[in-house]
Amino acid sequence: MIKKLNNENLKKYNHKILWIPYLLVVATFLAIGIFFTQALNAPFSQSTMAEVKDTWVYYAKDDPITLFKSRYVKRLNSVSSDETMVMERTMIRKVANPTLLIQGNHQWLTVTLDGKTLYQHTPQTIKSTFLGKQNPGSIMTEVQLPKNYVGKILRLEVKSPYKNYSGIPARVFIGDADSIMSYIVSVSMPQILILIVCTFISLAIMVFIGSELLKKQRLNWELILLACFALTIALEAAAGDILAGLLFSPLVNSTMAMLLAIFTPIFLISYYCLKMNQSQKYYRLWVFFHISFDLIILSWAFLSKVDLPEVKFYIDAANIFGTLATTIAAITEAHQKNRFFVICTPWIVLVAMAHCFIYITSVVQSNFYLVNISGLLFAVILLVIFIYTLVEGAAISEKNKRQMHFLELKTELLEDNHAAVITHLQELEQLRQDFKQNLLLIKDLGEDGNLPAVNEYLGRLLKETKQLDIIGDFSEHTLTNLILSRYQKNAQQRSITVNFSADLPETINVADDDLSQILVHLLEHAMRETYAIHDPKERKIQLQIQCEKEKLKINCSHTAHYHTNIFDQGITTDFPQKEVLDLFVIEKITKKYQGHLLQDKDNQTDQITLFLSLR
């Protein structure tokens, strides 16, 4: 069993070298990805396409006299729902194969050039929903300009049935067709990456949940919520992508993006709630209220004449308070030493505060974003949680594995001593019979007055009672006694003189598996090198363990005649490699207890001293 522990640790040490080619391949893929990303962005970075922002003239269609320049005005607040806002400019820049890329946010659009209609997105051009509603949705469209467009007036009529989106100008980009496609792909790259990564994470979590369900017949609700959170992020990235805006209808993109934007934070705060300890009782009340409020708003939107875009800002307002509640709860849990929140709270607070700003801009209806910033932030916190889950799972698995190995070692030690106990019990029965006969004999001798014979039999009895020592009593710590007894027996079989002393209480503030690892690696290291000495008389090991003033000191020294051992006979071993492994494991455990390791080594002896803090 002890050799098994050494072999497994040696494999772990050697496998680290295998990471080098893996990391080289990953670096190569990253370099290739960066190269192609730069290639996709090259046309846009070379200014072959640009957004038209500062050369517009805005005015309400019902009030064409009052004009506003786009350089100074970002929104016409005087425009109400179902009122038309006009955007005009004279086309100056000459572009080969000219194309417009227009983005509208829940707005009807009509595009004309010198009075000639180029594009229309109006209630007459779309079908009503199954509830009889007409939602313009989030539109993204390409409009081809004629070759002779220079000098003509480009006019956009923008109208929204919703007050929240009225008076907001549409975004317009101009460039040649190739530049627009490159721009679309470059802007879509973050969303595509979010879609791929989050979908992979969601599938990986669901596969793990399925395997756990088959093995343990237990459903992990935390991971279920995390998988749903990852899936909604992926779908929201797909629905809100600029490329999806060109492929699917505006209503589909708008409805999907809004619904997913509502459910994504619900899954996240529900996951947070399950991870909490001290604050869960109070945070659960907020989660229940938040979910109920969102469902009421959704029911109101779908069962009445009110459209979802009109009431979405109510949910965003609730999310503002949700970010504050999450921040307070996360900080409280971190203060209470909840491991998840201790590690993740900085990211949770950062993402929550950023979302608070986004929700505020949504409530006040500031200009919309071309890239889904909220989705990017959710993807960041998902990666943080997923990485934490992986590391925590690996740590738990490693801890369980170590515990299993420790139990196997302890079982092996107990089995070894169990055989000794059975033997000594048999001897004890024989001693009892002999003791009874000797007492009768002493009684007879005493009655006869034969004192020398009485003293002789008493001495024999004392000598025989020493055979009752079953397990070496090195200290009050049972595990240490078992391990030292085992190695004392092994040393006798290898003709090694040992001197073990341990001053330990019955319990110490060191985990049993850690203490067993230290003693096993120390004694394996010592016996391996001592047994290699040619002369059995020179094979000596000394081990001293002292526990005092909240410190544990372990000193192990052994003879090691490196120039007069079996190596001189041409025998080759992997002793140096095993020694490095032993010291690596010992030092790792020592640092875990804020301790340090000292090694004093020469041609005759090898001494290792450990100091561990027991606080």
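Glycine is treated like the rest: Cβ placed from N, Cα and C.
Annotation source TrEMBL lists transmembrane segment at 20-40, 192-211, 223-248, 254-273, 285-302, 314-333, 340-362, 368-391.
Cβ atoms under 8 Å from those of the transmembrane segment (285-302) belong to residues 131, 259, 262, 266, 269-270, 273, 308, 310-311, 314-315, 318, 322, 325 of the same chain, restricted to positions at least 6 beyond its ends. Using a Cβ-Cβ cut-off under 8 Å and counting only residues 6 or more beyond its ends in the same chain, the transmembrane segment (314-333) has close neighbours at 262, 265, 269, 272, 275-279, 282-283, 286, 290, 293-294, 297, 340-341, 344-345, 348-349, 352-353, 355-356, 359-360, 362-363.
Simply put, out of 254-273, 340-362, 368-391, 368-391 has the most Cβ pairs sitting under 8 Å from the transmembrane segment (192-211). Cβ atoms under 8 Å from those of the transmembrane segment (368-391) belong to residues 103, 105, 168, 171, 187, 190-191, 194, 197-198, 201, 205, 223, 226, 229-230, 233, 236-237, 240-242, 261, 264, 268, 271, 340, 343-344, 347-348, 351, 354-355, 358 of the same chain, restricted to positions at least 6 beyond its ends.
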